[in-house]
Amino acid sequence: MVSFRAFTVAASLFATLAAATPLDTALPRAADQCNVSNQQCCNSVQQASSGPAALILGLLGVVLQDVNVLVGLDCSPITVIGGGNGGCNASPVCCENNSFGSLISIGCVPISI
C-alpha cells in the first residue's frame, strides 16, 4: 500500500514535472481494431489519476493530457502461446503506449480474448 508520505512526494514531483512534453494517449476506436503488439495482460487497470498510477507516472516524469485515461499496472504482452485465453488470467486490455516495460501501460481499453 502506498504511504501518505510517498504519495505526497509523488504529487510534488508530478507538479514539478508538469512542464514536460505531454504524451499522446489516443484510444483505439474499438477493441477489435487493437494491434496485436498493443494487447496487454495487466494485474490492475485504473484511471491515471488514482494514487498508485499517479505515483508511478510522476516518478517516470510522464505528464498526461487526460488524467482520466485508463492505465494498466504490472502488464505483460498477451501471446497466443498461453492457450485459448491468450495466457491472461488478469485484465486483458489494448494499450496505446507500452514503452515503460511491464511497469505501466497508458491509454488502455478492456478487450475480450
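Numbers run from 1 along the shown chain.
Backbone N, Cα and C atoms are what each Cβ position is placed from, and that goes for glycine too.
When you check Swiss-Prot, the disulphide partner of C75 from the set C42, C108 turns out to be C42. Residue annotated by Swiss-Prot as N-linked glycosylation site (from the set N89, N97): N97.
Among C94, C95, C108, the cysteine that Swiss-Prot records as disulfide-bonded to C34 is C94.
Neighbour counts of Cβ atoms within 10 Å were taken for the disulfide-bonded residues C88, C94, C108; the minimum is at C88. By the criterion of other Cβ atoms within 10 Å of the residue's own Cβ, the least surrounded of the disulfide-bonded residues C34, C41, C75, C95 is C34. For N35 (N-linked glycosylation site), applying a Cβ distance below 8 Å and a minimum sequence separation of six or more within one chain yields C94. Spatial neighbours are here defined as Cα atoms within 10 angstroms of one another, and by that definition the neighbours of C75 (disulfide bond) among the recorded positions C34, C41, N97, C108 are C41.
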